[in-house]
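Peer 1: Sharing the feature lines straight out of Swiss-Prot:
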BINDING   G241, G243, K244, T245  ATP binding site
COMPBIAS  96-110  compositional bias 'Pro residues'
REGION    1-72  region 'Domain I, interacts with DnaA modulators'
REGION    72-196  region 'Domain II'
REGION    83-113  region 'Disordered'
REGION    197-413  region 'Domain III, AAA+ region'
REGION    414-533  region 'Domain IV, binds dsDNA'
Amino acid sequence: MNDFWQHCSALLERELTPQQYVTWIKPLAPVAFDAAANTLSIAAPNRFKLDWVKSQFSGRISDLARDFWNAPIEVQFVLDPKAGQRSPAGATPLAPRAPLPSANPAPVAPGPACAPAVDAHAPAPAGMNAATAAAVAAAQAAQAAQANAAALNADEAADLDLPSLTAHEAAAGRRTWRPGAANANSEAADSMYERSKLNPVLTFDNFVTGKANQLARAAAIQVADNPGISYNPLFLYGGVGLGKTHLIHAIGNQLLLDKPGARIRYIHAEQYVSDVVKAYQRKAFDDFKRYYHSLDLLLIDDIQFFSGKSRTQEEFFYAFEALVANKAQVIITSDTYPKEISGIDDRLISRFDSGLTVAIEPPELEMRVAILMRKAQSEGVSLSEDVAFFVAKHLRSNVRELEGALRKILAYSKFHGREITIELTKEALKDLLTVQNRQISVENIQKTVADFYNIKVADMYSKKRPANIARPRQIAMYLAKELTQKSLPEIGELFGGRDHTTVLHAVRKIADERGKDAQLNHELHVLEQTLKG
């Protein structure tokens, strides 16, 4: 059992980033192996780690166990029995308590429970005059009130999905950076992730970069290095599965490494709406505002869900103003350009436009290949470039689709006991490839582009050359090459029998201009999203 765990840990250390390995794998320990039942029990130091490792790494550990023992092994994750003897992470205050008088009163244990009442009329201890006794009693009463406030704040936070604040933090609002404090022990690190809602797996190290996202990544790194100074707010937009969420988690994780005392919160817009509703129902807007206005970094995902929700927009506007005024960083994502989000107040749109807005485009061929190769490597599988290119050529929309296709290929290969080849890949992705080919056709592209630029579909085949017709025709040719499997001669034939060199010229022209013309790039992005449904 121990030999296996050494082998498993060594492999995972090579596959994961140092941060991931130290945070999630190193604290684990094998505690039991039942050879008769083929079960392996692995202990985690706390519930948070247990749940995360179970959801993120159980599959890989099970695969390694099967390979090691040459038999299917059921891996069970259990809580370390010693975990209950330690104080919960949340009981450790993250900011210093208010100082007490120099007299030495009996200590009051910190914790979420309400502190015991203090009897102000109790006799003074021997050797202590009345004035000193009164000071001690006052200090104890203040500390009891402080503990009660923390408990009440924690209850309200649980209702509103607001990570609890210590009483000192609740009173002081913002706090200063305290580098190194969060790394004091494993529980403190877990507590940071619980409060921030960050996914520690999503980092800059494992973010695959290409032309489609290099500007967004550069801006994200700049913001992580200079929060509240460079590009505030940072607004990232693009279709689903293109890496927006990965990138904003990477910013949060980097800032947490650099400044462990930072108050960071990632939240999906729908959860923010839910918090506003609960605060309204419970008349708890003071707690709501105190929490959101005191952050150092707010990461809000899919803000288009604010559409039509006026009260949510109003509260977010006040939070935005408070954060920016305090030089806190705000990062927002959406599926579309800010001005095109319907149902959002104009004053919010103007705030979004006041920082830096960056699009993340669908990954180009080389980037899709790199994503597949890296993902396969992380799964411990050797994927040939031929197979990666085949998949990347046929699946073009987003990263999630690529990763889903790869999982399907790996499962198909394992189930049938066959090597991963192009033939096996075609079999594994048969349904997916059929759907892709059925969804986007050259005819559909011609109609969509014609409607977008308000010309006739017949103009796509005609010999007319006015700019208002020739330009959309070139765009349609470019999209036909990008989104279908048609060859240049086949595309030319479908555009009124044009020569393949004409199509090649159009494709190169639009591809070149796309990188220089923001308006054209935006139009192409809209057309691609429309065609992909």
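Note: Cβ is positioned from N, Cα and C throughout, glycine not excepted.
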Peer 1: Residues near the ATP site, G241, G243, K244, T245 excluded, by Cβ within 8 Å of the Cβ center?
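Peer 2: Surrounding the site, in chain order, are G238, V240, L242, H246, L247, T333, I360, N398, V399, R400.
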Peer 1: Could you check the binding-site residues G241, G243 and say which one's CB has the most other CB atoms within 10 Å?
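Peer 2: Checking each of G241, G243, the winner is G243.
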Peer 1: In the region 'Domain I, interacts with DnaA modulators' (1-72), how many residues does DSSP put in helix, strand and coil?
Peer 2: 44 helix, 12 strand, 16 coil
Peer 1: Counting every protein chain present, what is the number of Cβ atoms, excluding its own, within 10 Å of the Cβ of T245 (ATP binding site)?
Peer 2: 19
Peer 1: Determine the mean pLDDT over the region 'Domain II' (72-196), rounding to the nearest whole number.
Peer 2: 48
Peer 1: Tally every other Cβ atom lying within 10 Å of the Cβ atom of K244 (ATP binding site).
Peer 2: 24
